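**Q** This is the structure, below, for whatever I ask next.
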Amino acid sequence: MDWFNASLARLIDSPHAAWLETLPAQLRQFTDKPHGDFRKWQRVLKQLPSLSIERDDDVSLGDTVTVGRAQQATDSQRAQLRGLLMQLCPWRKGPFELFGMNIDTEWRSDWKWQRVAPHIDSLQGKQVLDVGCGSGYHLWRMLEAGAADVWGVDPGELFLTQFQAIKKYMPTALAKRAHFFPVGIEQMPQLNSFDTVFSMGVLYHRRSPLEFLQQLKGLLKPGGQLVLETIVVEGDETTVMMPGERYAQMRNVWFLPSAKALAVWMQRLGFTDIEVVDHNTTSLQEQRATDWMRGESLADFLDPNDHKMTIEGYKAPIRAILTART
Ligand SMILES: Nc1ncnc2c1ncn2[C@@H]1O[C@H](C[S@+](CC[C@H]([NH3+])C(=O)[O-])CC(=O)[O-])[C@@H](O)[C@H]1O
């Protein structure tokens, strides 16, 4: 619980103060009854070596989110860091580099950011929320883009621990502006307070995508921007696909609309300025197994004889980015 105190304190004078009515009790519940391996991961976190940077430019929040230079750690400290962080595998979203040690994650999340960044309102001085933030990789990119505070929510306990590991090495001036709460969007009140809300890779995991969009809308302040990224299918305003039990081996995939159908949903819910700004087929270079994620990845989820199809016989994943305002 203590780990959340600084972020909770930051909420008091923020536009999101109403979150304090529900969040502390949810966090208490989380820390009292954590799931699975959470305590083990937290022990790993405590053993991470104390390493510090010397200057601001020892940090880069660019494509590879980097803290520290190789010469600021010994080889044995780097080996210790690697051995401990390996215990937090699978590392899905990144890449990161800590004191000369690269974390080559399953996803090149920097490629997603490159597709998103040209289409978003300036984040300079803004309050930004990332719903389903994973390891928090994009939160650091949002700080790079000038956000005042970035708030990530994701119920994944491993992702929280990975975020804590990276944050541990960030200089205080940056770390105090980056926040992560292990809650799902359905646990958040309608705050109407964020300038920009991102939700990337989450809509297809929601059983009720319209309710999800309505919740995202209720988090934005009037005139705020939603940046939504999700798997879509080819088709017109009337096309929506619901796969069977699995899609590209994922079990919890519900609605896959076409980008045009998704735009209709958003319009019906009262969003304005809706634009489909990007359409992209995920490549085997963008999502792949690495030393840091040794399980199956996209290559195993596609038909080995035809990479345009999934192994279940559906079209391979295409992802769209939509922007809209409240
Ligand atoms: N109810 C929920 N509320 C909030 N988050 C949730 C919920 N359910 C699942 N998640 C979280 O949404 C994230 C989806 S991954 C996208 C990561 C990043 N955004 C990316 O775009 O690279 C996409 C994927 O791997 O399929 C996971 O971290 C879940 O824990």
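Including glycine, each Cβ sits where the backbone N, Cα and C put it.
Keep in mind it's a predicted model, so treat the numbers as computed, not measured.
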**Q** Given that TrEMBL assigns Lys93, Trp107, Lys112, Ile185, Glu186, Met200, Tyr204, Arg319 to the carboxy-S-adenosyl-L-methionine site, pick the one from Gly132, Gly223, Gly224, Gly295 that the record assigns to that site as well.
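**A** TrEMBL lists Lys93, Trp107, Lys112, Ile185, Glu186, Met200, Tyr204, Arg319 binding carboxy-S-adenosyl-L-methionine, and from Gly132, Gly223, Gly224, Gly295 it also lists Gly132.
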**Q** Rounding to the nearest whole angstrom, report the longest C-alpha distance spanning Lys93, Trp107, Lys112, Gly132, Ile185, Glu186, Met200, Tyr204, Arg319, listed for carboxy-S-adenosyl-L-methionine.
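**A** Value for the max Cα separation, rounded to a whole number: 26 Å.
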**Q** Secondary structure at Ile185 (carboxy-S-adenosyl-L-methionine binding site) (DSSP, helix/strand/coil)?
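**A** It is helical.
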**Q** Including all protein chains shown, what's the count of other C-beta atoms within 10 A of the C-beta of Ile185 (carboxy-S-adenosyl-L-methionine binding site)?
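**A** A 10 Å sphere around the Cβ of Ile185 (carboxy-S-adenosyl-L-methionine binding site) contains 21 other Cβ atoms.
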**Q** Fewest other C-beta atoms within 10 angstroms of its own C-beta: which of the binding-site residues Lys93, Lys112, Arg319 fits that?
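**A** It is Arg319 that, of the binding-site residues Lys93, Lys112, Arg319, has the fewest other Cβ atoms within 10 Å.
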